[in-house]
6 protein chains.
Amino acid sequence: MRPSGRAVDQLRPLKITRHFTKHAEGSVLIECGDTKVICTATVVSGVPRFLRGKGQGWITAEYGMLPRSTEKRVDREATRGKQNGRTVEIQRLIGRSLRAAVDLKKLGENTITIDCDVIQADGGTRTASITGGFVALADAMNKLVESKRVKTNPIVSQIAAISVGVYKGVPVLDLDYPEDSNAETDMNIIMNDKGGFIEIQGTAEGEAFSDEHMVGMLAVARKGIAEIIAAQTAALAEK
Amino acid sequence: MRPSGRAVDQLRPLKITRHFTKHAEGSVLIECGDTKVICTATVVSGVPRFLRGKGQGWITAEYGMLPRSTEKRVDREATRGKQNGRTVEIQRLIGRSLRAAVDLKKLGENTITIDCDVIQADGGTRTASITGGFVALADAMNKLVESKRVKTNPIVSQIAAISVGVYKGVPVLDLDYPEDSNAETDMNIIMNDKGGFIEIQGTAEGEAFSDEHMVGMLAVARKGIAEIIAAQTAALAEK
Amino acid sequence: MRPSGRAVDQLRPLKITRHFTKHAEGSVLIECGDTKVICTATVVSGVPRFLRGKGQGWITAEYGMLPRSTEKRVDREATRGKQNGRTVEIQRLIGRSLRAAVDLKKLGENTITIDCDVIQADGGTRTASITGGFVALADAMNKLVESKRVKTNPIVSQIAAISVGVYKGVPVLDLDYPEDSNAETDMNIIMNDKGGFIEIQGTAEGEAFSDEHMVGMLAVARKGIAEIIAAQTAALAEK
Amino acid sequence: MRPSGRAVDQLRPLKITRHFTKHAEGSVLIECGDTKVICTATVVSGVPRFLRGKGQGWITAEYGMLPRSTEKRVDREATRGKQNGRTVEIQRLIGRSLRAAVDLKKLGENTITIDCDVIQADGGTRTASITGGFVALADAMNKLVESKRVKTNPIVSQIAAISVGVYKGVPVLDLDYPEDSNAETDMNIIMNDKGGFIEIQGTAEGEAFSDEHMVGMLAVARKGIAEIIAAQTAALAEK
Amino acid sequence: MRPSGRAVDQLRPLKITRHFTKHAEGSVLIECGDTKVICTATVVSGVPRFLRGKGQGWITAEYGMLPRSTEKRVDREATRGKQNGRTVEIQRLIGRSLRAAVDLKKLGENTITIDCDVIQADGGTRTASITGGFVALADAMNKLVESKRVKTNPIVSQIAAISVGVYKGVPVLDLDYPEDSNAETDMNIIMNDKGGFIEIQGTAEGEAFSDEHMVGMLAVARKGIAEIIAAQTAALAEK
Amino acid sequence: MRPSGRAVDQLRPLKITRHFTKHAEGSVLIECGDTKVICTATVVSGVPRFLRGKGQGWITAEYGMLPRSTEKRVDREATRGKQNGRTVEIQRLIGRSLRAAVDLKKLGENTITIDCDVIQADGGTRTASITGGFVALADAMNKLVESKRVKTNPIVSQIAAISVGVYKGVPVLDLDYPEDSNAETDMNIIMNDKGGFIEIQGTAEGEAFSDEHMVGMLAVARKGIAEIIAAQTAALAEK
């Protein structure tokens with residue numbers, strides 16, 4: 001039934017490559033099928049003005065797409081002079097989600113910026129960014145601990161994200177672009193490793209969706225998140 | 001338990017004033033407790049470039065806050081030269097939600113812009129904007145029908161929105177600002193008059209939230225939406 | 001002779017509502033016929049960089065129109081990314097005029113921002129903004145005195161503004177939109193309660209205007225200003 | 001009494017050099033004492049969107065200061081990315097004043113842009129821009145007539161401008177910078193060659209000004225304008 | 001003598017990977033040592049306004065760095081709202097150089113945009129962008145020929161680029177970052193496959209450079225360009 | 001052979017007028033044939049953030065064209081809200097070149113801004129800006145020495161610039177606009193008074209250029225630079 005031939009609750013092949021580039025404190029290439037995102041974590045001392053003197057840190061995120069990461073070239077936002085609404089919405093979601101992984105007090109007055117740059121898009125770039133961004137964040141935190149800039153690791157829970165949707169009337173897991181552009185409902189779910197919800201955003205694209213659809217989407221999401229968390233854990237266990 | 005003394009499933013007083021200003025095709029003042037938003041609907045012929053020649057119309061929304069609608073003055077976005085991320089996120093949500101109320105084909109090549117301007121903020125401005133914006137939209141549609149610019153009314157369902165949350169561990173309806181700034185979870189729910197979901201956006205502010213919390217929030221939301229839909233219907237029935 | 005049937009030296013009905021919104025130190029709704037403007041005053045400690053350490057305060061103003069305050073929707077300036085020339089010109093005039101009401105030394109190193117937001121426009125929005133802005137400013141000053149943040153009230157004179165013009169060859173007072181868009185001359189006059197001029201700006205729209213026209217416009221203006229000052233005084237006298 | 005030793009109704013030396021640069025349809029260097037402004041007129045076919053198809057032309061103006069035209073360097077507006085409020089106010093005034101010199105119908109669907117660039121500032125740059133801009137405009141109009149792009153010369157009256165003020169209690173003509181920065185009142189007056197007013201803008205800098213001051217300022221202005229008009233006429237009479 | 005131990009006329013390892021991403025008409029990853037740039041070519045019908053109706057095509061380029069491609073994170077230009085001077089300078093150079101490879105008449109009214117995005121920087125990103133951009137361009141041209149959108153291949157010469165410099169008094173080839181930041185002279189040379197110069201840009205960083213240095217730099221450049229052209233040819237020969 | 005009838009190695013008439021405007025620390029009008037540029041030098045205490053505390057100064061440059069300095073009016077960059085790529089490229093070149101004239105340590109923590117504003121353009125505006133900018137810089141440095149703000153003059157070498165090119169197959173010196181727009185190669189050369197190269201930028205406009213062309217262009221450049229340096233020296237020798 002699915003264009004890709006996958007089962008309704010089947011993830012695309014997921015590959016997480018750490019140390020993808022050499023300069024960043026955390027640098028991850030995440031590949032979810034044909035969706036490929038570079039996620040880097042940068043640590044700097046100090047916090048934004050609104051947090052100064054409060055004895056806590058900050059996590060923020062920025063998101064971008066290479067102009068030709070998509071089927072049709074999108075304008076370079078640096079050239080247009082502003083980020084579009086979709087970009088702003090996505091990077092706010094990534095930042096908010098990853099802050100839920102961290103005890104900002106333990107981070108001290110440091111700021112970590114997660115940059116998520118899509119080099120190839122095939123649906124699910126925002127959830128891939130969160131999943132990959134968490135791994136980059138974890139690497140950066142480990143460096144902070146090793147270098148004794150923080151005393152205890154500020155990570156308090158593991159965060160992963162996935163998209164689900166209603167496609168031809170059926171709840172399905174991990175929409176690729178052909179599904180995403182035809183789904184009746186599109187929902188992004190961010191959860192932690194204890195099964196709690198961090199964020200849930202669902203949108204009816206045509207018809208409104210029902211309680212029943214919602215239950216179905218949450219069920220496949222829960223399965224997918226568990227597999228993704230396992231993949232993150234495995235990646236982080238590699239030397 | 002609630003700062004306002006309301007029951008957990010009790011809305012704030014809701015007042016919808018139509019024909020609030022004289023120029024717009026639809027003009028509504030919506031008051032949800034101390035939250036006050038002016039929602040106007042403007043009809044123009046033609047559609048944005050990406051829709052030209054497709055024989056359909058478009059609904060879009062813009063959102064703003066008067067600088068001193070809030071406890072502490074916020075910068076005027078026109079002076080800063082850009083809308084901030086929160087504004088962009090909100091106006092995209094309003095537009096998306098209201099498009100779900102309309103058969104864009106029936107609208108023909110017309111564009112309706114819903115402007116939502118907050119003159120006093122006390123929590124729930126985005127859901128008030130959607131609820132009030134729907135009434136302004138309905139008035140504009142009626143004018144299009146009366147003036148025979150469209151043949152049949154393009155409204156296909158009635159849309160309303162409300163915020164819910166988990167406050168001191170309990171699911172509550174219609175958060176005001178003191179609750180909103182202390183809630184553990186904050187969720188905005190947009191539904192139609194048939195009980196279907198249009199959009200759902202939930203965010204854990206501190207702790208992750210559970211399935212149980214979710215069920216509780218959806219239950220109070222459903223009650224609140226029914227009352228709001230009744231209030232919209234009553235307002236629209238007035239001459 | 002006038003579209004509204006008013007006498008040549010007759011003001012539109014003028015209504016000043018204090019405490020219109022709840023957060024601001026001063027909040028006024030001014031209604032001059034169908035022109036309606038919300039004027040708020042915000043007090044913050046400190047002054048702009050160019051005044052630091054000079055032992056004086058500052059008064060500034062910002063002006064905006066809700067997009068559908070007008071017959072034809074105007075673009076939201078926050079979306080366009082800049083204020084247009086007319087807006088800039090108007091807010092500079094408001095700020096300059098209200099500074100003439102105040103002894104900035106007595107204000108100490110505090111800044112007061114007057115926000116004037118037009119919710120319905122029918123001619124004369126800039127003069128209504130000055131007249132209403134003065135009342136909001138006075139309320140804010142009273143709060144500063146009551147809270148002992150300043151020793152003596154910095155208000156040194158009362159300021160009001162009105163438009164006059166030459167319409168069908170005759171000097172008239174308080175132009176509404178139908179007159180404004182057809183007047184041969186349009187003049188904004190700002191005066192204080194001692195009959196002194198604070199600012200005068202007159203523009204010939206078609207023909208040049210003569211000394212005689214000027215004398216006539218100043219005469220009706222003087223009558224109008226006296227009535228407006230009385231209305232401000234009455235409003236400020238209410239508890 | 002005046003810092004420059006001039007009589008109260010004495011202009012600074014005024015010099016108008018036509019054909020100052022070679023590319024423009026009109027190019028004038030105007031020198032009013034130490035104030036020096038290059039005014040060029042550019043003719044292009046077509047009109048702005050809001051005038052298309054109305055069978056008339058348009059006159060617009062832009063104003064700028066070289067960064068070091070002033071005692072203290074001002075930021076280059078091109079670098080800052082926007083024109084400041086003063087610039088916007090000035091260029092709107094120049095455009096509005098020069099349009100009063102022209103029958104836009106006779107101009108046909110052509111647009112003339114007057115660029116006024118201050119290379120040295122010593123007070124009165126906006127009035128110098130109008131006076132010099134008129135001469136550049138007249139040259140451009142003559143070219144349009146000679147080349148038969150218009151049938152009859154669209155100039156209908158000659159326009160000149162001057163600043164006056166109240167300095168040490170006395171109305172004076174043509175303020176230079178030392179006077180301008182200490183004047184109690186500053187007024188810009190734009191008149192035509194028939195003695196009619198085109199625009200009048202007066203601002204009390206400290207004290208409010210009286211009717212008597214106003215009469216005094218208008219008297220010296222009238223004398224100054226007559227001399228300036230004679231100087232324009234002489235300049236335009238040269239081959 | 002060189003930090004990397006290379007001979008003075010030795011290139012870093014050069015690797016060109018075609019078909020690096022799936023959507024673009026040409027997509028190349030070029031690796032020059034640790035410098036890694038993704039170069040894509042996008043073909044669209046039509047030309048910019050200034051070329052319309054002239055029967056020719058256009059080649060343009062855009063350049064960007066991922067924020068953490070560098071040792072210290074650089075601000076995301078999309079967030080700052082503008083491209084910085086260095087970026088503008090580089091993308092103009094890339095576009096100008098690649099246009100020299102093409103007969104724009106043969107391209108017809110098509111525009112090709114070369115996007116060069118640096119994912120890891122270690123010196124020489126602009127010359128790598130030109131070298132890799134040429135390969136992406138060639139792939140796009142081949143597709144245009146295969147799909148018969150152009151009759152004959154518009155490529156008229158092969159273009160490659162390299163940096164040279166004077167390091168510790170000696171002309172050296174292909175500067176990496178440690179050399180680049182300490183070189184006395186830095187020169188970028190773009191040549192074609194017939195040994196002609198397309199562009200040469202040399203800058204003395206500290207001391208001025210002599211004719212002798214120039215001869216030396218051109219000599220090593222010529223050797224390097226020959227090797228790079230061979231590498232491009234080999235890459236393009238692969239199926 | 002040349003449109004102007006000049007010999008291949010003949011400069012246009014060169015005139016350098018110091019003290020052109022009265023406010024700046026250095027103010028030069030440079031005229032190279034019909035190209036006319038005002039170059040001013042402004043000294044301020046302090047340095048940009050990236051240099052603070054390093055005990056050195058900074059030289060920077062900004063470039064602009066009056067809108068009608070050219071045959072066809074160019075948009076005012078202040079109105080468009082950004083400098084275009086060509087402007088950015090040019091002002092970076094001017095700043096870089098003039099920094100090579102100065103020992104920034106001797107300058108102390110002062111910043112000098114060179115503003116180059118083209119009032120009439122006929123080719124070679126960037127090289128005229130560098131040549132004239134050096135004279136303005138020298139005047140400003142002399143004032144710093146006279147006023148004892150610096151101990152020893154920070155100028156370490158004299159800098160001049162000229163364009164050369166290949167026109168109808170022949171290397172020529174100092175291209176004017178008719179040559180510039182038809183040259184096969186265009187090269188800007190900046191040298192010091194000891195015959196060393198500061199910067200060299202050559203671009204093939206159509207055909208690639210050969211070693212032989214390069215030798216020819218450098219030869220005429222060397223002759224031109226010697227004459228320009230003599231002209232600068234003569235200008236600076238005048239009281």
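Cβ atoms here come from the backbone N, Cα and C positions, even for glycine.
Annotated in TrEMBL:
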BINDING   E:R86, E:G124, E:T125, E:R126  phosphate binding site
DOMAIN    E:10-140  domain 'Exoribonuclease phosphorolytic'
DOMAIN    E:159-224  domain 'Exoribonuclease phosphorolytic'
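Proximity of E:G124 (phosphate binding site) to non-local residues of its own chain (separation of 6 or more, Cβ distance below 8 Å) is seen for E:C32, E:T35, E:I162, E:S163, E:D174, E:L175, E:D176, E:D180, given in sequence order.
DSSP classifies E:G124 (phosphate binding site) as coil under the three-state reduction.
According to DSSP, the secondary structure content of the domain 'Exoribonuclease phosphorolytic' (E:159-224) in residues is 18 helix, 30 strand, 18 coil. Figure note: comparing Cβ neighbours within 10 Å for the binding-site residues E:R86, E:R126, the maximum is reached by E:R126. Break the domain 'Exoribonuclease phosphorolytic' (E:10-140) down by DSSP state and the numbers are 42 helix, 43 strand, 46 coil. In this view, E:T125 (phosphate binding site) is surrounded by 24 other Cβ atoms within 10 Å of its Cβ, with every protein chain counted.
Spread of the phosphate binding residues is 13 Å (greatest Cα-Cα distance among E:R86, E:G124, E:T125, E:R126).
Taken together, the residues in the domain 'Exoribonuclease phosphorolytic' (E:10-140) have a mean pLDDT of 97 on the 0 to 100 scale.
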